[in-house]
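K.L.:
Just lifted these from Swiss-Prot, have a look:
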BINDING   GLY125, THR126, HIS127, GLY128, LYS129, THR130, THR131  ATP binding site
Amino acid sequence: MNIKDIKKINFFISEKKNKNIHLIGIGGAGMMGIALILLKLGYKVSGSDLLESLMIKKLINLGATIYLQHSEKNIKNVDFIIKSSAISSNNKEILAAKKRNIPILLRAEMIEILMSFKKGIAVSGTHGKTTTTSMIADIFIDSGLDPTVINGGLIKSINSYAKLGSSSYFITEADESDASFLYLNPNIIIVTNIESDHIDHYDNSFKKLKQTFLTFLKKITLYGTAIVCIDNNAICDILTNLKCKIITYGFNKNADVRIFLYKQNNFIGHFYIILKNNKKLNIILNIPGKHNALNAAAAIALAIHEGINNDLMITSLKNFQGTCRRFEFLGFLSIDQGFDKRANCMLIDDYGHHPTELSETIKTIRISWPNKNLIMIFQPHRYTRTYNLYHDFVQTLSQVDVLLILHVYSANEKFIVGADSLSLFNDIKKLGKNYVTLISNHNMILDTLIQTLQGNDIILIQGAGNIDTIAHKILIKKTKKVIK
């Protein structure tokens, strides 16, 4: 889409009462935020998806018309369409829209239109985008700056994926999975890290992935700012090519915003931030893990850059409630083991689906609860990711005490030989790990769990597919209510 197209679209969507915007894949994490903002702005919003969810019900209550199927009938009175990156070009609604010459926008193109004439802040990176965006949103809201926010996960403090604000600030998560973040033109870009993921979209070239991040960063004008994690080698490789202002953060002693003396106690992270002027900030973070300290450091670097009061920022981080499905403590699950015995297990839900994310979650649990029996229920996400990172998955998954592995959530990808859960199961067993079970039927989960409980257990629900829905249905509904 070129500048003329954007001007044209901006022109006709300004007539809010007469135009209908249709979102295909409206239930996706990246799409719900856009739908919420459009509804708040007064547009007519419709959408389609295959599964109902609490967020879809919320959108309906706000006035959206949502169809739980894909059909060309859904776009009968539509003026233009926004499509999720997960939607195929062969989708019935996409094909019908092309026949009728209805404009079709990608998610990122719509965000760019919404962000026009605002001070755009984009949070990008392989890991940590959603949590970092949530922290930034909380800091700006608590500081009275009233930003507009679009996030890829539910921000607990506002119980939403998005918020329409009255100020000039527009904060958004920027998706690198299909390089669509290149449509954005923010004033400030945060890059949390660059690792091999979604590599099939980059011709299986990590070099091309890094180059795409560099292209994104080069979109910052001389008056803009890049805030980047100096601990990440791939980021350091591309920094010399930037001409804008650069602020670095990390554990590295050369960071502009440096993390120092990190400690962890249960769900609390404690560390100091050392600034270039040697000023020291005492940070207490309401979520554990060094990776979350890095996420907080990115938010701190931005807050300082924007002149936010340090005390307000520190208080906001201390009160940070977290993000849905990001190391989310659900409570204690009481499971009947028979013979009047019950096991009370800590239940943690986590969206991580990349070996690095899994490894960080495991490390975090081992630091705070070293003697707990760690049981992971894992659902691999995408055959391409499993194939490209197969060895890393085998090594990382072998680090837990008990592993229940579900079949791969394909996300509409075709099966790849050797990148399935049975292959993972067999190769983990070859390492001499006898605690791994392949879950071929979801009804096996509870019985398998009962056999592995030791009385000091942590159950970790891990993955990005529909594992949270499965686990909640199988575990929570068939056991005693979770007690926090």
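Placed from the backbone N, Cα and C atoms, the Cβ positions cover glycine too.
Tell me what's around each of these sites.
P.N.:
THR126 (ATP binding site) falls outside any helix or strand according to DSSP and counts as coil.
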K.L.:
With the ATP site defined by GLY125, THR126, HIS127, GLY128, LYS129, THR130, THR131, which remaining residues of that chain have Cβ atoms positioned within 8 Å of the Cβ centroid?
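P.N.:
Leaving out the recorded residues gives VAL123, THR132, THR192, ASN193, ASN295.
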K.L.:
What is the number of other Cβ atoms found within 10 Å of the Cβ of GLY125 (ATP binding site)?
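P.N.:
GLY125 (ATP binding site) is surrounded by 25 other Cβ atoms within 10 Å.
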K.L.:
Would you mind checking how many other C-beta atoms are within 10 angstroms of the C-beta on THR131 (ATP binding site)?
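P.N.:
Here the count is 31.
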K.L.:
Which residues of the same chain, at least 6 positions away in sequence, have a Cβ lying under 8 Å from the Cβ of THR126 (ATP binding site)?
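P.N.:
The answer is GLU176, THR192, ASN193, ILE194, GLU195, ASP197, HIS354, THR356.
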